[in-house]
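Participant: Before I ask anything, here is the structure I am working with.
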Amino acid sequence: MTPKPAGPPDGGWGWVVAAAAFAVNGLSYGLLRSLGLALPDLAEHFDRSAQDTAWVSALALAMQQAASPVGSALSTRWGARPVVMVGGVLTSLGFVFSAFAQSLLHLYLGLGLLAGSGWALVFAPALGTLSRYFSRRRVLAVGLALTGNGASSLLLAPALQLLLDTFGWRGALLLLGAVTLHLTPCGALLRPLALPGDPAAPPRNPLAALGLGLFKRRAFSVFALGTALVGGGYFVPYVHLAPHALDRGLGGYGAALVVAVAAVGDAGARLVCGWLADQGWVPLPRLLTVFGALTGLGLLAVGLVPAVGSEDDWGGALLAASGAYGLSAGSYAPLVFGVLPGLVGIGGVVQATGLVMMLMSLGGLLGPPLSGFLRDETGDFTASFLVCGSFILSGSFIYMGLPRALPSCRPASPTATPPLETGELLRVPQVALLPPGGPHSTLDTTC
């Protein structure tokens, strides 16, 4: 038998896992973000409203997140490798099936249920496996993996617009089915890693496998409530940023540029924020609260941008607002998953990742259709972005209930604390994620 390592290797094969998670994130959330470019073509072809076509992306997003605990449970029982490989096949089949759709119902079933189910099996197991490979550089590794979202959007947004112009929406979906099949080899790279503290045998009780007992932890419950509210607005730009740019008077490639600018800011911020969080200068809950609030304010700014004069205008104000939104949203993303090991322990991080995705799906299912409804009622997306930005601000306010989210006026004690893998990070005020500089560099000593 191979002996268990003393802890996460903090490198080695972990970087290969990070690359695989990078590709998984790009072919799931990055593709979802760019898919909004196809919604106007779908609305025109089937003669349906923006609200009706928004359900295509909303169902895919909600299914991907709501079923994530199932992916986590299957990964806990059978391992991440086979689960992610099967998920890649399902996602590809969903796109191929949708390319032959004769009604929106077929798209709801193909992209919404089938592709969404495949995405549910790939994201949480891949990210949870990555978290097990790192300790001191965990948030940086997660941030690196999550840049796949922005990098994929940067490439896929103009590429998808080109495919739509050249082959139409059917040909574009068929080619995307071939692209998403690359999720399968990504799953093959997720080598299992046994760590101290892992259960001797996988849980056989379905409720235990889903990790529902994690809600007994007060800090995780506060985090879950705030994340569910953030989900109500966080994914609206994935679906309606490109249509919003079109409504503001930009052409198809101008709208693609807006999405690409947000993607560049998003990708760069994930790396910078991941590095910053691992330094331990600021507690993770505090960073989570600040960047969550900035994301909400960024969405408000995107909604308030005025229309441009002509399609030849590149919309500088909208580009700036989208870039600011991308920077703040990208900074928020790695913190959501980076804080989980401190809340639930390294042994429960895969299950916790699935639960977080499910909670965000509650808002993800509401946000895009609500945004489409407000657009149909008001004639543009201004009210949509204002309402959804308010959801994110409300969730950030809930995050303030996490320990160490606010400055402390009481000096922290330098006493010994439990290791990070116990999951007791946020219940003891003086404990922090161990940075490279040592365990005491993140202690609060002043107001």
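Heads up, the Cβ atoms here are built off N, Cα and C, so glycines get one too.
Keep in mind that TrEMBL annotations are predicted by a computer and have not been checked by a curator.
Feature annotation from TrEMBL assigns transmembrane segment to 12-32, 83-101, 107-127, 139-160, 172-190, 220-241, 253-276, 288-308, 314-333, 340-361, 381-402. Here TrEMBL flags 14-407 as domain 'Major facilitator superfamily (MFS) profile'.
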Participant: I need to check the long-range neighbours of the transmembrane segment (12-32): which residues 6 or more away from its ends have a CB within less than 8 Å of a CB in the stretch?
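Facilitator: Residues packing against the transmembrane segment (12-32) from afar: 57, 60-61, 64, 84, 91, 119, 122-123, 126-127, 129-130, 133-134, 141, 144-153, 156, 176, 179-180, 182-183, 186-187, 189-191, 235, 238-239, 263.
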Participant: Does the transmembrane segment (340-361) reach the transmembrane segment (288-308) with at least 3 CB pairs under 8 A, where each pair is 6 or more residues apart?
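Facilitator: Judged by the Cβ rule, the two regions do not touch, with the required three close pairs absent.
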Participant: Contact between the transmembrane segment (172-190) and the transmembrane segment (288-308) is defined here as three or more C-beta pairs under 8 Å separated by at least 6 residues; is that satisfied?
Facilitator: no
Participant: Give me the stretch from 107-127, 172-190, 220-241, 253-276, 381-402 with the greatest number of Cβ pairs under 8 Å to the transmembrane segment (314-333).
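Facilitator: If we count Cβ pairs closer than 8 Å to the transmembrane segment (314-333), 253-276 scores highest.
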Participant: State the non-local partners of the transmembrane segment (172-190) in its own chain: residues 6+ outside its ends, Cβ under 8 Å from one of its Cβ atoms.
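Facilitator: Residues 16-17, 19-21, 23-24, 27-28, 31, 38, 80-89, 91-96, 98-99, 111, 115, 118, 122, 125-126, 129, 160, 163-164.
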Participant: Give the nonlocal contacts of the transmembrane segment (220-241) in its own chain as ranges (CB under 8 Å, at least six residues past its ends).
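Facilitator: Contacts of the transmembrane segment (220-241) (Cβ under 8 Å, skipping residues fewer than 6 from its ends): 29, 32-33, 35-36, 39, 54, 57-58, 61, 65, 214, 258-259, 262, 292, 295-296, 299, 302, 322, 325, 329, 332, 336, 339, 343-344, 352, 355-356, 359-364, 366-368, 371-372, 375, 381, 384-385, 387-392, 394-399, 401-402.
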Participant: Tell me, roughly as an integer, the mean pLDDT over the domain 'Major facilitator superfamily (MFS) profile' (14-407).
Facilitator: 85
